[in-house]
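Asker: According to TrEMBL, the protein has these features:
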type: BINDING; residues: D40, H243, H245, N279; note: Mg(2+) binding site
type: DOMAIN; residues: 31-304; note: domain 'Pyruvate carboxyltransferase'
type: REGION; residues: 438-552; note: region 'Regulatory domain'
Amino acid sequence: MKHIPNGKYKPYPKIDLPDRTWPDNTITKAPRWCSVDLRDGNQALINPMDMNKKLELFALLLKLGFKEIEVGFPSASKIEHDFLRKLVDDNLIPDDVTVQVLVQAREHLIAKTFKALRGVKKATVHLYNSTSIAQRKIVFSKTQEEIIQLALDGVDLVKKYEADHDGKIFLEYSPESFTGTELEFAARISNEVTARWGIADDRQVIINLPATVEMATPNIYADQVEWMSRHLDNRKNVIISTHTHNDRGTSIAATELALLAGADRVEGTLLSNGERTGNVDIITLALNMTTQGIESGLDFSDVNEVVEVVEKVTELPTHPRHPYVGELVYTAFSGSHQDAINKGLAYQQAKEDPFWEVPYLPIDPADVGRTYESIIRINSQSGKGGVAYILEKNYGYQLPKAMHPEIGRAVQALSDEKGRELEPEEILQVFKDTYFNINEHISFKDVSLTSDNGTSKCVLTYSYNGKEVTSEGEGNGPIDACKNALMKEYNHDFTIKSYSEHSCGDKSTAKAVAYIEIQSKEVLSCFGVGADNDITVASIKAMFCALNRAFS
Ligand SMILES: CC(=O)SCCNC(=O)CCNC(=O)[C@H](O)C(C)(C)COP(=O)(O)OP(=O)(O)OC[C@H]1O[C@@H](n2cnc3c(N)ncnc32)[C@H](O)[C@@H]1OP(=O)(O)O
Ligand SMILES: CC(C)C(=O)C(=O)O
């Protein structure tokens, strides 16, 4: 292992908050959501979005129900400016939506920002400056007082331009790199900012506490948020916002714990696009709430559409195991999972109350616009339940349970041989090869049936060891009659152990399918399958199939 010098990395200090309350809290309602896809997401892309892509993403965000959308950094570049102008000039911002713009505490940038905001009815101006120990020392070479002054100069400038703006301006302030900032300093600068802004009941301020870099375990972030919540002046008029990045892979947990700790608002992106490892994924957060019975306020009933648009505008692929939306997240390959899902879906369908109780599926795929079709896929890790599921869901065959082990083995033998996933058509082929048109030593030709006072009579024609035979029989039903006719010539004694049937296909193409299990001295159990337009003929075919399989 590569030697890492002692002291190169240090543990993040714990927060002194012995009476923390967040561990005992629960999330009971959704936060205010703010999408930063068009800003933090966009600034992290290899190819930042062009106008059309921005417009398409903006339309999607509106459709999903976002009421706060950070539309960019309008003073940064022409396209950022032009996009905001397009939204305003083409009247694309609904009245209930607040657009948000990011800007540094520099006069020429703030001036440009307000120019771009002309005509916006409601906007949040998001002012940020880094407050962390490292950035104060390395990037700004400024003391704490000088950094506070930088922020206050920014606030003064926003107020100056606000006065001339025809529309409502909200202030958001981010002590950027909050997770690298001493808490006392983060609270002090935030309180000076809100006071300078003139915080009041009708002049609330968003204080955003970014995990610009995720530096510690999520409980630390929760402690920091709860600590800030206790130390921010005029707390009732401060909206505490989170903005987590995913450097340690725990941005979801950090955000959820921060909500327990008192955060009111969440900034994030769809599918986690954003600087480095990305911003927190709002889809996951929202659907986590859905699975707890909490109304998220966002509409993710068609995640495929979201993935399609986000992949197009970001030019980034989605991981197949991405929570809730990945290609494979509603798919089970392994036998015991398939078995439990199969039983769970049947149980869910049969019961009256809506409480979702399907093992291994934390959410109903249908609630996010995913179908059941791909839930179970077959490879060498799969079991009989999965094979039965595919045959039923894709082709309508409802195999009796006792038949599952045999077809399961046949399919597994093929997947072992191929060493890859099997397509449903290949599974169907195994089923057909195993049970259909098996005419080894005996084959069915024709039957005519009559019924008299509860007694069935038949004339059965079949070929047996190459010779055509016609014989008559009687019984307490058509199959019994046919069996009795058969036994006049056939030299294997057998009994019928089980029988089931169903129709398969829609009205116009429906066929009857029958499954017959026979038993004899030599053979404990052997299944045959038959399909025909006529249910009786399907049953007789199934019996012949079973005989061929048992005695050939
Ligand atoms: C954590 C985040 O994601 S923050 C958002 C970051 N997003 C972006 O940077 C994308 C958009 N940014 C840009 O296009 C450009 O950086 C611009 C247009 C904003 C500024 O461009 P420029 O002035 O040419 O360059 P640059 O960003 O390198 O400026 C750095 C200067 O700004 C200062 N600065 C950086 N942040 C701030 C701030 N929040 N407030 C005031 N000054 C700041 C730096 O100290 C540095 O000062 P110096 O020139 O005296 O050393
Ligand atoms: C501007 C701020 C909120 C930011 O993007 C960050 O800290 O990651």
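Quick reminder: no glycine exception, Cβ is built from N, Cα and C everywhere.
Please go over these features one by one and say how buried each is and what sits next to it.
Answerer: Non-local neighbourhood of D40 (Mg(2+) binding site): E70, H243, E267, T269, G274, E275, N279, each in the same chain, at least six residues away, with C-beta under 8 Å from its C-beta.
Residue counts for the region 'Regulatory domain' (438-552) under DSSP, helix first, then strand, then coil, are 26 helix, 56 strand, 33 coil.
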Asker: Counting every protein chain present, what is the number of Cβ atoms, excluding its own, within 10 Å of the Cβ of H245 (Mg(2+) binding site)?
Answerer: 25
Asker: Identify which of the following binding-site residues, namely D40, H243, N279, place a Cβ less than 6 Å away from any atom of ligand 2, and list them by sequence position.
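Answerer: Cβ under 6 Å from ligand 2: D40, H243.
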Asker: Beyond D40, H243, H245, N279, what residues of that chain have CB atoms within 8 A of the centre of the Mg(2+) site's CB atoms?
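Answerer: Here the non-site neighbours turn out to be V36, P210, A211, T212, T244, S251, E267, G268, T269, G274, E275, G278, V280.
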Asker: Could you tell me the mean pLDDT over the region 'Regulatory domain' (438-552), as a whole number?
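Answerer: For the region 'Regulatory domain' (438-552), the model's average pLDDT rounds to 95.
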Asker: When a 10 Å sphere is centred on the Cβ of H243 (Mg(2+) binding site), how many other Cβ atoms does it contain?
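Answerer: Around the Cβ of H243 (Mg(2+) binding site), 28 other Cβ atoms lie within 10 Å.
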Asker: Please report the three-state DSSP label of H243 (Mg(2+) binding site).
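Answerer: Note: H243 (Mg(2+) binding site) is in a strand by DSSP.
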